[in-house]
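TrEMBL has this to say about the protein:
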type	residues	note
DOMAIN	157-195	domain 'F-box'
REPEAT	264-303	repeat 'WD'
REPEAT	304-343	repeat 'WD'
REPEAT	344-383	repeat 'WD'
REPEAT	387-426	repeat 'WD'
REPEAT	427-466	repeat 'WD'
REPEAT	467-499	repeat 'WD'
REPEAT	516-546	repeat 'WD'
């Protein structure tokens with residue numbers, strides 16, 4: 001078969017004269033339909049074959065039959081590199097198309113996968129946009145794979161479970177509705193149990209709820225008869241979410257149950273410091289004693305005596321209680337027996353604050369100095385370094401592995417290297433002496449006798465925000481990932497939104513969430529967690545503000561007034 005004429009595109013892609021070709025696929029690489037491809041193949045079959053010289057230019061011309069024939073007649077012109085015409089072909093009937101298609105498929109099946117892909121790419125490149133859309137719709141379902149169903153069929157259930165274990169609760173609910181096989185994988189893999197366990201490991205609020213509501217005993221166990229089915233954990237999850245929402249609402253609205261411990265000091269009144277855990281509260285009093293209270297019954301379990309001055313600061317762990325006093329000494333006590341294990345005599349005046357962790361202890365004093373101690377054991381404590389730089393009493397210290405942070409009545413916060421004890425920088429901004437601070441990660445939060453709270457970036461020394469609202473000296477302050485809680489000499493405890501405070505766009509009206517008013521004297525110290533605040537005061541009481549177990553027995557809810565104040569930039 002022979003065709004005459006020139007390429008309709010008016011140019012040739014290849015200038016090399018045709019030579020024998022042994023690979024018919026090369027002729028297909030420009031055809032826009034299966035029929036045209038077959039036509040090209042038949043034209044080339046009459047030529048000598050050589051794989052090295054099979055270069056052709058293929059152009060297509062489509063014309064509609066003017067006689068009214070509903071089936072289009074296509075003419076394909078194949079022009080070789082030397083200008084000669086290979087042949088032409090018209091598809092006259094549907095029957096011929098089917099035969100030609102079958103022949104094309106047979107030839108296509110004989111090629112390698114890479115050759116097939118190359119041919120299809122060329123074929124698609126010659127199609128119009130509508131045809132591309134049709135092919136895309138055809139390919140989409142072919143590309144989809146239900147791997148969650150397929151993996152167990154291959155004995156790979158654990159991989160399917162591991163994939164689904166990365167889903168959050170909402171997505172896991174949706175996955176259960178996909179099909180029965182997905183639901184089976186989720187159930188057999190105990191994925192709701194694993195999701196709750198992950199939250200308990202990473203979120204203190206979840207961990208606290210698991211302990212208080214006693215469903216922790218069903219977690220972190222392998223499959224045994226004691227472990228409930230997956231459905232138990234599925235129904236437990238929304239109950240936990242409801243509990244969390246209730247607690248958050250209680251914090252926002254000031255709803256709480258209040259318990260009061262009357263310390264009944266014999267001489268001078270006042271509770272200067274405290275720390276608590278799930279079982280006990282340990283407090284340091286103005287009357288020189290240390291009292292240990294049962295957290296459930298609120299009864300005094302033990303009284304430790306030995307200091308000759310007021311107990312101004314304390315910290316304890318599983319083994320020891322360390323206390324600092326206005327008698328200038330630091331004492332170490334056995335947390336179980338209450339026996340005095342060690343007495344450190346270094347400071348010349350009252351020990352105002354102390355912290356210890358991982359074998360390191362830092363104390364500060366009214367004598368303007370900071371002492372850094374190595375704690376090998378309760379009885380083996382040696383002085384490493386004395387830090388001097390403040391011009392007034394050092395009221396508070398805090399530290400981690402990187403920095404020691406101290407605050408003083410000289411209105412400054414100083415930052416020191418923990419490893420070398422060298423001075424790093426000073427944070428300036430408070431207008432009067434600083435009474436309290438907490439340091440964690442990059443954030444320092446401080447309270448001052450200028451009645452303000454400041455948030456600082458410790459790395460650059462910048463003041464990020466000033467919180468105003470207290471009417472007297474801010475004596476104690478603590479923060480976690482959500483809140484700042486402060487206590488002041490005005491007898492009030494304020495709860496602040498930490499995330500809003502760190503956002504410069506947040507209006508001042510959103511910063512103070514609640515003001516708690518129950519103490520009748522100055523608030524000296526407080527500690528809090530996700531469920532409660534425990535505070536101590538000059539009024540000789542310890543108050544427990546419980547935001548978890550809020551009474552709903554018909555008694556009026558105890559609420560504290562909400563107050564907001566204007567933010568003033570310094």
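Cβ coordinates are placed from backbone N, Cα and C, and glycine is handled just like the others.
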Suppose I define contact as three or more CB-CB distances under 8 A, residues 6 or more apart in sequence; do the repeat 'WD' (516-546) and the repeat 'WD' (264-303) meet it?
yes
Take the repeat 'WD' (304-343) and find every residue of the same chain, 6 or more past its ends, with a Cβ under 8 Å from one of its Cβ atoms.
268, 270, 272-275, 282, 284-292, 349-356, 361, 363, 365, 378-379, 381
Could you pull the average pLDDT for the repeat 'WD' (387-426)?
97
DSSP residue counts for the repeat 'WD' (387-426), split into helix, strand and coil:
0 helix, 24 strand, 16 coil
